[in-house]
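Notes follow once the structure below has been shown.
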Amino acid sequence: MTLYSRVRPLAFKLPAETAHDLGKRTLRAAQSTWPTRAALSSAYQYEHPALAVDLFETRFSNPVGVAAGFDKNAEVTHALAALGFGFVEIGTVTPYPQDGNDRPRLFRLLEDGGMINRMGFNGQGMERVKSRLESDGTPEIPLGVNVGKMNSSNEREAIEDYRRVFDRLSPFADYVVVNVSCPNTPDEFDEGSPEHLRSIFETLEAENDREVPILVKIGPDSPDESMFDLVDIVREFDLDGIVATNTSTSRRDLESPQQEEWGGLSGKPIEERSTEVIRTLADYTDGELPIIGVGGVDSAASAYEKIRAGASLVQLYTGFVYEGPSTAKRINRGLVKILERDGFSSVEDAVGADVVDRS
Ligand SMILES: Cc1cc2nc3c(=O)[nH]c(=O)nc-3n(C[C@H](O)[C@H](O)[C@H](O)COP(=O)(O)O)c2cc1C
């Protein structure tokens with residue numbers, strides 16, 4: 001029995017966001033001194049050469065990262081590195097501080113292994129995040145920065161929002177993600193329309209002197225045709241990859257009473273659809289466009305499935321909440337065993353094994 005399996009029932013008695021805040025405070029305390037950070041590292045890190053992934057001219061020591069939303073304000077990046085994650089994506093960061101939606105806005109769907117959130121881009125804003133990255137330093141693992149717009153912005157202002165956050169935070173980033181797929185923000189216009197996407201990417205391209213890799217994050221609910229349109233735009237602007245997927249508005253086959261809450265569904269209920277999106281994208285691009293796979297990853301088997309479907313890296317949020325601090329270690333250790341079993345010499349070797357014609 002792990003410590004977390006004893007703590008979890010207590011934590012799950014608290015409202016979900018209170019438990020999350022408490023968890024983050026604990027991580028922040030743990031990362032603040034060298035001995036506690038070292039203790040986390042020695043308990044939770046797992047290294048193996050087969051896990052390394054070279055992508056975006058960066059070495060990821062393992063393919064398991066923390067998805068956007070967990071550490072919106074870059075408060076616990078060092079603790080997450082110490083817990084053995086291969087990378088962390090902070091954000092979504094907006095230009096100014098924003099409260100988000102009223103509480104409660106985060107719900108556990110215990111019977112389904114999922115969560116519903118309607119946080120609504122709550123965050124401290126880019127200046128606070130920038131000064132924290134300066135004072136704390138960036139983590140030893142690759143850092144993704146997920147950028148977003150203010151809830152109140154119109155279509156024209158939104159483009160300026162992305163530009164400003166990109167300008168401020170891309171110097172710290174190993175990659176940047178443009179998040180146009182949040183289902184919980186009150187948009188007055190279509191964030192995913194080709195014209196809007198083109199304006200965003202054109203603007204960021206002009207701003208990107210340092211050639212920081214730029215990815216776009218997509219949702220799981222779009223039909224294939226609009227995904228293909230997006231991929232065509234991604235190629236048109238020579239962007240570096242896709243993060244698939246964000247949360248879902250679907251409520252199919254759920255048991256928990258909390259399914260009535262509005263917001264984005266994450267975790268096990270979206271796992272299959274998210275993997276299907278990854279496979280479809282990998283197939284459409286002949287495996288040539290890097291994909292970061294996210295949605296329902298909580299085990300080595302679920303990470304492996306996304307890798308075989310075409311993901312070069314995977315991320316998780318909900319799985320971390322359910323499985324606790326040893327999540328990355330367990331997944332990575334399991335991945336090494338599965339790779340050996342299936343005759344792959346490395347994670348990179350297995351990427352897209354289910355889709356790409358290797359003949
Ligand atoms: C509470 C919560 C907040 C989130 N906030 C963000 C966010 O700010 N930006 C973003 O791109 N994705 C956000 N996400 C989506 C996750 O990054 C991820 O795409 C989604 O939850 C699916 O992964 P999972 O099943 O491992 O949770 C959030 C998810 C949750 C549960």
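Numbers run from 1 along the shown chain.
Even glycines carry a Cβ here, placed using N, Cα and C.
According to TrEMBL, the protein carries these features:
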- Cys182: active site, nucleophile (ACT_SITE)
- Ala68, Gly69, Phe70, Asp71, Lys72, Thr92, Asn146, Asn179, Lys217, Thr245, Gly267, Gly296, Tyr317, Thr318: FMN binding site (BINDING)
- Lys72, Asn117, Arg118, Met119, Gly120, Phe121, Asn179, Asn184, Asn246, Thr247: substrate binding site (BINDING)
- 51-339: domain 'Dihydroorotate dehydrogenase catalytic' (DOMAIN)
> Far apart in sequence but close in space: which same-chain residues, 6 or more away, have a Cβ under 8 Å from Asn146 (FMN binding site)?
Replying inline: Ala68, Glu89, Ile90, Gly91, Thr92, Val93, Val176, Val177, Asn179, Lys217
> If you draw a 10 Å sphere on the Cβ of Arg118 (substrate binding site), how many other Cβ atoms land inside?
Replying inline: 21
>> What whole-number Å value do you get for the CA-CA distance of the residue listed as 'active site, nucleophile' and Lys72 (FMN binding site)?
In response: 14
> Which whole-number value in Å describes the distance between the Cα atoms of Gly120 (substrate binding site) and Gly267 (FMN binding site)?
Replying inline: 18
> Could you give the Cα-Cα distance between Arg118 (substrate binding site) and Tyr317 (FMN binding site), in whole Å?
Replying inline: 15
>> Looking at the domain 'Dihydroorotate dehydrogenase catalytic' (51-339) alone, can you tell me the average pLDDT?
In response: 97
> Just how spread out is the substrate site if you go by the largest Cα to Cα distance in Å among Lys72, Asn117, Arg118, Met119, Gly120, Phe121, Asn179, Asn184, Asn246, Thr247?
Replying inline: 16
> Which value in Å gives the longest Cα to Cα span across the FMN site residues Ala68, Gly69, Phe70, Asp71, Lys72, Thr92, Asn146, Asn179, Lys217, Thr245, Gly267, Gly296, Tyr317, Thr318 as recorded?
Replying inline: 20
> For Gly120 (substrate binding site), what is the secondary structure by DSSP, using just helix, strand and coil?
Replying inline: coil
> How many Å lie between the Cα of Gly267 (FMN binding site) and the Cα of Asn246 (substrate binding site)?
Replying inline: 10
